[in-house]
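Step one of this worksheet: look at the structure below.
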């Protein structure tokens, strides 16, 4: 396959062939002298670890092509994309106790970006080299020894995905490896540059999709389409529209874009089936064109299929440090992003008993083995939370002064009211070593909306700190260049796309066919869009159409990370298990799937966006002594035919135990008290002012909801045999007295 802007570099491959044996010798020495001692120090069970054979083989990596960027980049840098392919015959064996583990052959291919910057006027002329994969590289491993078990179907997918996650944590955007070439070169801004921008994707509708549902080889009926949207390693899944070849989604997703050119928007359509989901077409959109056009609202023809068009509205937001752009969005969409550069911590306590209210705790421990475990340095990681999105850092083992060196991004819809919650935990004991809360409004006091300092840790030692840099940037839509011809539908890339069919090992290039261009309705004209809507359920469709021009709001675009799904099992969508088993997208670089509710599909407003109504809510508990307050946001989403209840948080709860309480919120829509219809938030540990920001939906008609009562109780998660009081407080809300379409928010 010929790419006009990718150059062959056979001379470089010849150099690699000559140098490979010497590289292998260096790596063998590194494994024995550096890696082996580190593995032995990790754990007492690994003290006998020995590499018995290290051979990197005769086959060296090959560079299939190099693309050099000369436009859209800074003049003080050189950007290269290397297409790397390694089908190696390396052999590495390791003995641990009496077990033999090993690897016999590795296949790896992906696009490695190399950035040389800054260019200097004196030797060595280049300040530093930055390396990263734009997307997850494809990886296959042949195991040897006892690890042959990992070749068993089902297990090998799990092991390779774990290794891919390990690679992604270090080499895939937004993470980078930066090597300084000049002494005293400050590389912090090279390792963690501010992202290029944010792309907001409105997934509106599709038409003329291919029929995929069949029975005994015959077409049985219409398909059940859904969409997968990806930028880099972040992937969202739309809702499934049942039995419709002209589906209407009206969903909105947001992605942080770290590299342009480099990252593209990929959309794959699938037909959901009980056994195997059928591929229905795909789309690859250049984010460079969207960045230049600012807004693209087009019908795009689908590739790799015989028919079908997809209607997308794409908005590009640049990041600015102008506080005037931070006005709160009336529809609950993001107005800013928070970038957190997590650097390090100092003087962490060895355990949570070491400091209790600033004094040494007097807990007696009889077990010497446990005592030794508590006396060693902590293995700490950090949980960072903004709203209902939590991200987890890597773990630094056995250090009271851990160095993380990672960057995280969060979408922010209200910089004046939201906060960043930090919790440092010990991996081995699952105990908190310190916490900190930073109100984002503090960043507004700085003209650059930046805080770079050490923050004192609460619930920790008096001299325990965490060092972070926080950067807040407003999302801004700039006016496009009036002289520029808009790309429009040409933003769709009609180039060969590398795909791997499920079950195939070797990559192959599939050139998209030229689909017959059907008469796509113009996206800009409401009348034409109305004609394209099905006649049935016209009221609902008209409601849906209104939300396509102004997308229906939600409190945030929250991607539920793996950590969130583990801690909050109630958050996991019901289709999550099925989705993981389903056919993954055709591009092999994404193995991990992160499901997220979209903005329009949730159809609810954040509490900060409601006008506070003078609701006659019974907020008293029937006793003279108040038991605290709970903040709720309630609204009826007419498009989804559901009552949306947002549990924001509680304050001033009364503890029922000397050891503290672990509160959660339970919701019933009375008179229905069935266990299956119960809604429950996650449990917040040891706090009387928990923050939840969790949303729940009851799918009932508005007439039925008006006859119901919300029964909301705050409870203490306690051991089964405990004698402690479980219920901390309760409130009932008569929904017949409320304007649910307008919604209300109240403590």
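Cβ from N, Cα, C; glycine included.
Bear in mind that TrEMBL entries carry predicted annotations, made automatically and left uncurated.
Noted in TrEMBL for the protein shown:
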- 518-529: compositional bias 'Low complexity' (COMPBIAS)
- 564-573: compositional bias 'Basic and acidic residues' (COMPBIAS)
- 5-182: domain 'SMP-LTD' (DOMAIN)
- 173-300: domain 'C2' (DOMAIN)
- 318-459: domain 'C2' (DOMAIN)
- 626-747: domain 'C2' (DOMAIN)
- 498-576: region 'Disordered' (REGION)
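Taking the domain 'C2' (318-459) as a whole, pLDDT averages 81 in the prediction.
For the domain 'C2' (626-747), residue counts in helix, strand and coil come to 10 helix, 57 strand, 55 coil, using DSSP. Residue counts for the domain 'C2' (318-459) under DSSP (helix as H, G, I; strand as E, B; rest coil) come to 17 helix, 62 strand, 63 coil. Remark: secondary structure over the domain 'C2' (173-300) totals 11 helix, 63 strand, 54 coil, with classes taken from DSSP.
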